[in-house]
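Participant: Provided herewith is a single structure, encoded as structure tokens, for subsequent inquiry.
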Amino acid sequence: MLEAGQTVIPTTRSIAETGWQVLTRDDPDLGALLDAEARYQSGSLSMVASASLAPPSVLCANGTVLSNVTAEGYPGARYHPGAVHFDGIETLAVERAKQVFAARYANVQPHSCSSANLAVLAALLPRGGRLLALDLDAGGHLTHGARASVSGTYYDVARYQVGPDGTLDYGAIRDRALEHRPDVIIAGASAYPRYIDFGRFRDIADETGAFLLADISHIAGLVAAGLHPSPIDRAHITTTSTYKQLAGPRGGLILLGEDYCRTGPDGRTSLWQLMQRAVFPGFQGTPDPSSIAAKARALAIASSGDFHATMKRVVDNAQALAGELQALGYTVLTGGTDNHMVLVDAQAAGLTGIMAEQALEECGILVNRNKIPGDPLPPTVTGGLRFGTNILAQRGMGPFEVRTCAGLVHEVLSGIRVLGATHYELDGARRDAVRDRVASLCLRFPLPFERA
Ligand SMILES: *Cc1c(COP(=O)(O)O)cnc(C)c1O
């Protein structure tokens, strides 16, 4: 028992516990919403391809006293005092990132992969410089020069598409590069279910005198586990998000391989020095020390055997999901998958992406609508659905359960009565039956924070 006025030596744990006591006592509204969110995650079947479950230790590392440290700059070269422990933590995160990806340089400060991409582009491309990247509708990302992004307004962007079979056509990409003469080529996607041949991209970049940026935001876990060919020594620069397949905090990484000392566009400054400056002071001010601590934790987990086994299950599950959806009559783009992602043509099933997404959500199944190549529908509606198996695998489900999930999806989608592009009806009895089955499946495969 503490005497009044007695002080305790604070620990990370006691601070977190005190914080939760105060939050639930003084702010019951917020506390209730946070608890409701934990229950919601526990009881829903999430197949959102960009999402994954951060282990409890990652969540904890992200909410510590480190947030009280303000320190612009890098370890050993800060613009504020008092960063002695933060220096150690950032160095740990950098070393772990280098180890996990066999990289020669890592920058762990980007607040997101979007800011990492924009920082890299700003470092390599003058305003009006030429960029070549995958078209947004064909699976590219906004920051790859999409019209709605600053990357699409500051640069002269050419876009490559996927071929008729939905896969990257490297011959056509080379032709596009020879025609456009880009300064930077981006290889990487938000909605692409097949291997990306970074070596082929590098050949094209070398032939046309471009820098190659590989964006592995979606597949970083597979790359870390050796289940997707690594771009680290192929691309000049690699970026990723940390909260997607790496199951870390919100944030991004910039990684360099063999070319880290090679000079950038000015012919003088090395790429790694360019990246240091591009993130700070080029694009960001203070780093987020808590999120860097959480990145360090997630990267330690990503080098474990357990993580590798989970990533293997991610791919097995995605292939099982693709196979089962096809067997149920759905059009799976590219006929299958090599990674965690399965793209389905919703229009071919007489639906739109939005109505499928909403009907599934009503039943506790989370899958996001997505544009697919040649999609005539606007991004708010879309003709496609994007499935991912990160979370199913993290919950411990294998191909057998994933086929059950595909059956539940079919139960919902085949029960939709279409009333317009965005209007539909779903039979209430069917909805309740699916909800019950989702709930019992979720109970059998609890989340990491329910098992800790
Ligand atoms: C999600 C994504 C990003 C953006 O990542 P954020 O960390 O959410 O900003 C960038 N590139 C690709 C390919 C992505 O899929």
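Cβ coordinates come from backbone N, Cα and C, glycine included.
What TrEMBL records for this protein is below:
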- Leu136, Gly140, His141, Leu142: (6S)-5,6,7,8-tetrahydrofolate binding site (BINDING)
- 24-406: domain 'Serine hydroxymethyltransferase-like' (DOMAIN)
- Lys244: N6-(pyridoxal phosphate)lysine (MOD_RES)
Participant: Rounded to an integer, what is the Cα-Cα distance in Å between His141 ((6S)-5,6,7,8-tetrahydrofolate binding site) and Lys244 (N6-(pyridoxal phosphate)lysine)?
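Facilitator: His141 ((6S)-5,6,7,8-tetrahydrofolate binding site) to Lys244 (N6-(pyridoxal phosphate)lysine), Cα-Cα distance: 14 Å.
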Participant: Minimum Cβ neighbour count within 10 Å among the binding-site residues Leu136, Leu142: which residue?
Facilitator: Leu142
Participant: Gly140 ((6S)-5,6,7,8-tetrahydrofolate binding site) to Lys244 (N6-(pyridoxal phosphate)lysine): how many Å between their Cα atoms?
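Facilitator: Cα to Cα, Gly140 ((6S)-5,6,7,8-tetrahydrofolate binding site) and Lys244 (N6-(pyridoxal phosphate)lysine) are separated by 16 Å.
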Participant: How many Å lie between the Cα of Leu136 ((6S)-5,6,7,8-tetrahydrofolate binding site) and the Cα of Lys244 (N6-(pyridoxal phosphate)lysine)?
Facilitator: 19
Participant: Tell me which binding-site residues (Leu136, Gly140, His141, Leu142) have a Cβ under 6 A from ligand 1; sequence order is fine.
Facilitator: His141
Participant: For the C-alpha pair, I'd like the distance in angstrom between Leu142 ((6S)-5,6,7,8-tetrahydrofolate binding site) and Lys244 (N6-(pyridoxal phosphate)lysine), rounded off.
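Facilitator: Rounded to the nearest whole number, the Cα-Cα distance is 16 Å.
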Participant: What mean pLDDT does the predicted model reach across the domain 'Serine hydroxymethyltransferase-like' (24-406)?
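Facilitator: Across the residues of the domain 'Serine hydroxymethyltransferase-like' (24-406) the model's pLDDT averages 97 on the 0 to 100 scale.
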Participant: Apart from Leu136, Gly140, His141, Leu142, which residues in this chain have a Cβ no more than 8 Å from the mean position of the Cβ atoms of those residues at the (6S)-5,6,7,8-tetrahydrofolate site?
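Facilitator: The answer, listed by sequence position, is Ala133, Leu134, Asp135, Gly139, Thr143, His144, Gly145, Ala146, Ser149, Ser190.
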Participant: Would you count the other CB atoms within 10 A of the CB of the residue listed as 'N6-(pyridoxal phosphate)lysine', including those on all shown protein chains?
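Facilitator: Counting Cβ neighbours of the residue listed as 'N6-(pyridoxal phosphate)lysine' within 10 Å gives 24.
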Participant: Under DSSP, is Lys244 (N6-(pyridoxal phosphate)lysine) helix, strand or coil?
Facilitator: coil
Participant: According to DSSP, which of helix, strand or coil covers His141 ((6S)-5,6,7,8-tetrahydrofolate binding site)?
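Facilitator: The residue in question, His141 ((6S)-5,6,7,8-tetrahydrofolate binding site), is coil (DSSP, three-state).
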Participant: Just how many other Cβ atoms lie inside 10 Å of the Cβ on Gly140 ((6S)-5,6,7,8-tetrahydrofolate binding site)?
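Facilitator: Summing over all protein chains shown, Gly140 ((6S)-5,6,7,8-tetrahydrofolate binding site) has 25 other Cβ atoms within 10 Å.
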